[in-house]
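Annotation comment: Swiss-Prot describes 44-58 as FAD binding site, evidence class similarity to another entry. Look at Swiss-Prot and you will find GLY276, GLY277 tagged as ubiquinone binding site, backed by similarity to another entry. The [4Fe-4S] cluster binding site feature in Swiss-Prot is assigned to CYS520, CYS544, CYS547, CYS550; the stated evidence is similarity to another entry. The feature domain '4Fe-4S ferredoxin-type' is assigned by Swiss-Prot to 535-564. Annotation source Swiss-Prot lists intramembrane segment at 82-103, 343-363, citing similarity to another entry. Here Swiss-Prot flags 1-33 as transit peptide, drawing on sequence analysis.
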Amino acid sequence: MQRVLRAAAAGIGHASGHRAPRWGAAAAAARWLSGGREAMSYDVVVVGAGPAGLAAAIRLKQLCRDADTDLSVCVLEKGSEVGAHVLSGNVFEPRALDELIPKWRQEDTPIRVPVSSDKFWLLTKNKAWTLPSPFDNKGNYVISLSQMVRWMASKAEELGVEVYPGFAASEILYDENQIVTGVATNDVGIAKDGSKRETFQPGVELRGRMTLLAEGCRGSLSEKIIRNHKLRESGQGQHQTYALGIKEVWEIEEGKHKPGSVIHTVGWPLDSKTYGGSFMYHLDDRQLAIGLVVALNYQNPFMSPYDEFQKFKQHPAVRTILDGGTVLQYGARTLNEGGFQSIPNPVFPGGAIIGCSAGFLNVPKIKGTHTAMKSGMLAAEATFKTLVEGSSMELYWENLKKSWIWEELYRARNYRPAFEYGFIPGIALSALERYVFKGKSPFTLKHGIPDHEATDMASLHSPIQYPKPDGQISFDVPTSLYRSSTNHEHDQPPHLRLRDPTVPERVNLPLYAGPESHYCPARVYEYVTDEKGDQKLHINAQNCLHCKACDIKDPKQNIEWTVPEGGGGPGYTVM
């Protein structure tokens with residue numbers, strides 16, 4: 001508990017105006033001295049200060065205000081401040097925000113660059129062919145999602161929500177009937193060897209009558225809940241599929257900057273068997289968001305999404321935009337692509353899963369912020385009715401299936417699995433779905449095998465020789481990592497855990513050429529030669545961007561991503 005007070009005093013989240021926790025110092029000290037964990041009670045505990053979690057918190061407090069009642073609501077965020085771990089494209093569709101805060105356009109918000117043009121390119125190695133754009137971005141905005149959630153956090157606090165950045169929820173709390181009763185943050189001040197350092201502080205229990213998990217894609221607690229309660233099976237039934245998005249924000253030359261310009265591409269540098277594409281979005285202040293998204297069911301274990309992104313930037317049509325510019329920030333994050341077929345039942349005893357932890361991304365739109373926010377709002381409404389009016393959280397699941405989220409994702413359900421048949425068949429099936437069936441086709445395609453099973457043996461492929469970075473347009477990983485402001489306490493237990501420590505050298509390296517050393521966009525995993533001349537896996541956990549790619553793509557599902565000490569990880573400000 002003293003850690004909580006000390007963190008607040010040190011100004012964690014101070015830039016966003018977050019208040020110090022209102023917990024009793026005397027009682028906290030007594031429990032700390034006795035070795036116990038401080039436990040605080042709220043009506044609702046929200047894990048994750050992203051668009052879904054904050055939309056849920058805001059909606060709850062709005063309902064309380066309208067009903068002249070009150071529910072205590074807290075939001076935990078593992079990043080050092082709100083937005084520090086949030087990364088997205090982002091062309092923002094304001095539909096959910098219009099419902100949540102109808103007069104937002106009259107306020108000073110970071111949502112200020114409307115889409116002005118929308119282009120779609122097919123890239124070959126040296127050419128960019130303009131195709132009809134399949135996107136309808138009229139009325140949408142080019143934004144930094146990390147900036148938007150900071151604004152949302154301030155709106156939540158105005159309504160009385162307590163927002164606590166720098167605290168990582170690491171444990172689900174249950175009662176004797178196996179009903180979730182909240183979460184606990186991890187202990188800090190534990191050394192790599194498991195001993196307690198002088199700075200040791202026990203974690204804090206945040207107990208709630210209702211717990212909403214809004215951890216984002218592949219949330220560690222959410223995945224445990226989904227497995228333990230078989231929520232995938234009681235939902236739409238199919239496994240989730242994923243992609244890895246790698247992004248930079250540049251400051252480009254004034255003459256090349258076109259605020260609101262949106263460009264998407266498909267084709268080069270990815271091969272015809274790999275689903276993915278790139279984006280370039282012009283924000284304000286001469287800023288350009290540029291990124292590459294690669295589906296994680298790719299086959300070639302030698303592929304490096306990071307190096308594919310560096311190669312993409314060297315395309316003549318792309319380089320001409322970047323020349324003379326400067327990189328401001330770098331980051332990476334996985335995203336859900338399973339869509340309608342992969343939606344789990346989001347309700348569990350004592351709470352619900354919202355946002356990208358459940359997986360509401362609309363793949364053909366390349367948008368998930370509006371659906372994440374709406375899911376949080378629906379969960380908040382069900383939570384309010386459950387706690388105040390005696391209803392049931394099943395109302396969230398019922399209303400979700402009646403909402404525009406469900407309609408949107410149903411119409412979009414066949415686009416992603418269409419590309420299981422290859423690039424050209426995927427384009428053809430997508431065109432059929434869009435222009436002929438208009439999302440109402442009489443069939444529903446299934447996803448292929450899970451992403452980790454899609455990785456081929458290395459013997460079926462040749463190593464890929466990527467160009468060396470030039471230091472102007474393309475960069476090595478250490479340079480990019482520095483731009484992510486990633487930082488972790490070095491002397492702490494590893495948060496990247498191997499279920500079987502022999503698998504990397506026994507299976508991954510000889511059979512798959514050590515794919516973790518290729519897919520990780522932060523070079524966390526490296527095979528190094530020991531004094532005996534043997535190759536051993538070395539884990540640079542301090543480099544971790546919290547993207548979750550390893551938790552998804554490892555061929556034998558041997559890597560478990562868990563939360564490190566709160567406040568560690570990337571420090572995004574404009575992503």
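Each residue, glycine too, has its Cβ placed from N, Cα and C.
Structure coloured by features recorded in Swiss-Prot.
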residue : record                        : Cβ neighbours (10 Å)
VAL46   : FAD binding site              : 38
GLY48   : FAD binding site              : 31
GLY50   : FAD binding site              : 32
ALA56   : FAD binding site              : 33
ILE58   : FAD binding site              : 26
GLY276  : ubiquinone binding site       : 24
GLY277  : ubiquinone binding site       : 21
CYS520  : [4Fe-4S] cluster binding site : 28
CYS544  : [4Fe-4S] cluster binding site : 24
CYS547  : [4Fe-4S] cluster binding site : 27
Largest tally of Cβ atoms lying within 10 Å of a Cβ, found at which of the binding-site residues VAL44, CYS550: VAL44
Non-local residues, at least 6 beyond the ends, that sit with Cβ under 8 Å of the intramembrane segment (82-103): 13, 16, 18, 49-50, 55, 58-59, 62, 111, 115, 137, 139-150, 153, 155, 163, 165, 216, 245, 247, 262, 279, 281, 289, 291, 331-333, 365-371, 373-374, 377, 404, 546, 569-573, 575
Spatial neighbours of ALA52 (FAD binding site) that are distant in sequence (at least 6 apart) but have CB under 8 A: ALA214, ILE354, GLY355, CYS356, SER357, ALA372, MET373, SER375, GLY376
DSSP-derived class (H/G/I helix, E/B strand, else coil) of ILE58 (FAD binding site): helix
Environment of CYS520, CYS544, CYS547, CYS550, the listed [4Fe-4S] cluster site - residues of the same chain whose CB lies within 8 A of the CB centroid: ALA332, LEU496, PRO521, ALA522, VAL524, TYR525, LEU545, HIS546, LYS548, ALA549, TRP561
GLY277 (ubiquinone binding site) - helix vs strand vs coil (DSSP): strand
Number of helical, extended and coil residues in the domain '4Fe-4S ferredoxin-type' (535-564), per DSSP: 8 helix, 8 strand, 14 coil
Euclidean distance between Cα atoms of CYS520 ([4Fe-4S] cluster binding site) and GLY276 (ubiquinone binding site), Å: 17
Taken over the domain '4Fe-4S ferredoxin-type' (535-564), the model's mean pLDDT: 97
CYS547 ([4Fe-4S] cluster binding site) and LEU54 (FAD binding site), Cα-Cα, nearest whole angstrom: 21
Residue among binding-site residues CYS520, CYS544, CYS547 with Cα closest to the Cα of VAL46 (FAD binding site): CYS547
Distance [Cα-Cα, Å, rounded] between CYS544 ([4Fe-4S] cluster binding site) and GLY50 (FAD binding site): 19
Local backbone state of GLY50 (FAD binding site), from DSSP in three classes: coil
Inter-residue C-alpha distance, CYS547 ([4Fe-4S] cluster binding site) and ALA56 (FAD binding site) (nearest angstrom): 23
DSSP-derived class (H/G/I helix, E/B strand, else coil) of VAL44 (FAD binding site): strand
Length of the line joining the Cα atoms of VAL44 (FAD binding site) and CYS520 ([4Fe-4S] cluster binding site), in Å: 35
